[in-house]
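Features reported for this protein in TrEMBL:
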ACT_SITE  A:Asp157  active site, proton acceptor
BINDING   A:Gln33, A:Glu108, A:Asp139, A:Gly140, A:Pro164  S-methyl-5'-thioadenosine binding site
BINDING   A:His64, A:Asp88, A:Asp157, A:Ser158, A:Thr159, A:Asp160  spermidine binding site
DOMAIN    A:4-237  domain 'PABS'
Protein chains: 2
Amino acid sequence: MHSDLWLEEKFEDFLGLKFKVEKVLFSGKSDFQTVDVVETKGHGKMLLNDGLVMVTERDEFAYHDMITHVPLFVHPAPKNVLIIGGGDGGTAREVLRHQSVEKCTMVEIDAMVVEACRQHIPQTAKDLDHEKLQLIIGDGVEFVKQTTEKFDVIIVDSTDPIGPAQPLFGEAFYQDVFNCLSADGIVVSQGESSWYAMEIQQSLLKVLNAVFPQSYLYSFSNLTYPGGLWSFTFASKQYHPVADFDATRVAASGLDFQYYNQALHSAAFALPNFVKKGLAGLIDNS
Amino acid sequence: MHSDLWLEEKFEDFLGLKFKVEKVLFSGKSDFQTVDVVETKGHGKMLLNDGLVMVTERDEFAYHDMITHVPLFVHPAPKNVLIIGGGDGGTAREVLRHQSVEKCTMVEIDAMVVEACRQHIPQTAKDLDHEKLQLIIGDGVEFVKQTTEKFDVIIVDSTDPIGPAQPLFGEAFYQDVFNCLSADGIVVSQGESSWYAMEIQQSLLKVLNAVFPQSYLYSFSNLTYPGGLWSFTFASKQYHPVADFDATRVAASGLDFQYYNQALHSAAFALPNFVKKGLAGLIDNS
């Protein structure tokens, strides 16, 4: 007899997302959070932190394409890239596909996430031993405070602003991010859902506005997060994410993507009116 | 004591969407399907047909804006509009906001859906007695076979291709739709989810390709349908949905939308690569 195993992610007190589980592959509790990897029916392997779905094999390409290729195709020559978080390895995998990148530093606070993904989700973790990747297990907040390096692109691939990721949504952190970005640097950050978490988006964008001359929001469709319509923030010292985007570089790269393409790049910055109204004064999207 | 009431929409055998229910407002069984209206916590009032979420007050504007305003702003002067289905009234409500529209005919097969929405969801049903609206309770398949009218825009606002809506996904129906469209007519249809139902999209687009010279898919974010990234098909005798879209007409209309805007119009036709690849040869999206 097989047991009928389901996991349920509750969102506030009015929504639940249930996924059929075939097998629990890993369950642990780190200093920061619970970490689970399960084999699901319908979504492949799935990583959960504190019971929240982080990554599934079925749709992770959407998130990782959009958090990575948008800033890396806006910056004309990204050589030195920093990832804060991103323990599953999917963002690093996509960053390392760009020929211009000479070095990618990834600072993940939770070794257990990295190890669980190395062992069970090679689809995302496969490039964590790449020669251009420096993987640091440590606190990203401390890292950007102390580093003397300058980065062309910083990607804040964080969990929600509860638990270990909370400081990653604050102004002190982004002041340090600004300081360790090159003069034409870009920071892109996981930006939550416009349907269900606009207050978090407003709060994060207020922080970015206080630090950066330009702030934007762009969206994509995430299959397994509550709300579906998910966002990244794009804060920039110099480049406009659409006007300064040279679309010919996408074809010239020779890269083939499962989600991202040059038309979608600009389209992602076209936001529905309820988002534009909710974030009025906080975003420079035209 | 309050009971802890939830409704759950199962998708295949691997996904469940659970919504907190405050109160059941209506439950009936028509000749075609079960019809329920519930007051939810978090999504306002919700209509369900055969246990599947059709409409919620919280996000219905996204669906109704995108199924309506895209074709009505591509066609330069839509005067005579036909809606097949759309029993909740939200599509008719949006069609009737366009000054150019002289007459809107709506053919809904299920009187119980219309009555339940009239009584419990005035947000969508509020214009069902509009002087320009002719509401026919009947079979849309038969209507397009027999009518001698010509329509500028036809909107197929149907449920999934199971139950009463099944013939609305077939070639015989679309041949009749073609015949009762004006020489520059457009038909837009509910087109399911690229994440979970690409086979239905492929099947529908094959039908449209067999009948129409141009077929496209466009997407938007639906909050309460499984998959989030939802689609409409756009089949056309003459107009290209982006090249022939005169964006100045949106501002000139004086209309204000919660979801739709002129930038989003074109952006909606920029599809992720996995959609473009899955529908290769079936869509004319560039």
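Glycine is no exception: its Cβ is also placed from the backbone N, Cα and C atoms.
Here the structure is a predicted model, which means the values were calculated and not measured.
Recorded features from TrEMBL, shown on the structure.
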| residue | record | contacts (Cβ under 8 Å, 6+ apart) |
| --- | --- | --- |
| A:Gln33 | S-methyl-5'-thioadenosine binding site | A:Asn49, A:Asp50, A:Asp110, A:Thr159, A:Gly163, A:Pro164 |
| A:His64 | spermidine binding site | A:Gly90, A:Thr91, A:Arg93, A:Glu94, A:Thr124 |
| A:Asp88 | spermidine binding site | A:Leu47, A:Met54, A:Val55, A:Glu60, A:Val113, A:Cys117, A:Ile121, A:Thr124, A:Ala125 |
| A:Glu108 | S-methyl-5'-thioadenosine binding site | A:Gly85, A:Gly86, A:Gly87, A:Val114, A:Leu135, A:Ile136, A:Ile137, A:Gly138, A:Gly140 |
| A:Asp139 | S-methyl-5'-thioadenosine binding site | A:Val107, A:Ile109 |
| A:Asp157 | active site, proton acceptor | A:Ile67, A:Ile83, A:Ile84, A:Gly85, A:Gly86, A:Thr91, A:Gln190 |
| A:Ser158 | spermidine binding site | A:Ile84, A:Gly85, A:Ala165, A:Leu168, A:Phe169, A:Ser189, A:Gln190 |
| A:Asp160 | spermidine binding site | A:Leu52, A:Glu192, A:Ile200 |
Site of maximum Cβ density within 10 Å, from binding-site residues A:Gly140, A:Pro164: A:Gly140
Shell list (S-methyl-5'-thioadenosine; ref centroid = CB of A:Gln33, A:Glu108, A:Asp139, A:Gly140, A:Pro164; cutoff 8 A): A:Phe32, A:Gly85, A:Gly87, A:Val107, A:Ile109, A:Asp110, A:Ala165
All-chain count of other Cβ atoms within 10 Å of A:Thr159 (spermidine binding site): 22
DSSP state at A:Ser158 (spermidine binding site), helix/strand/coil: coil
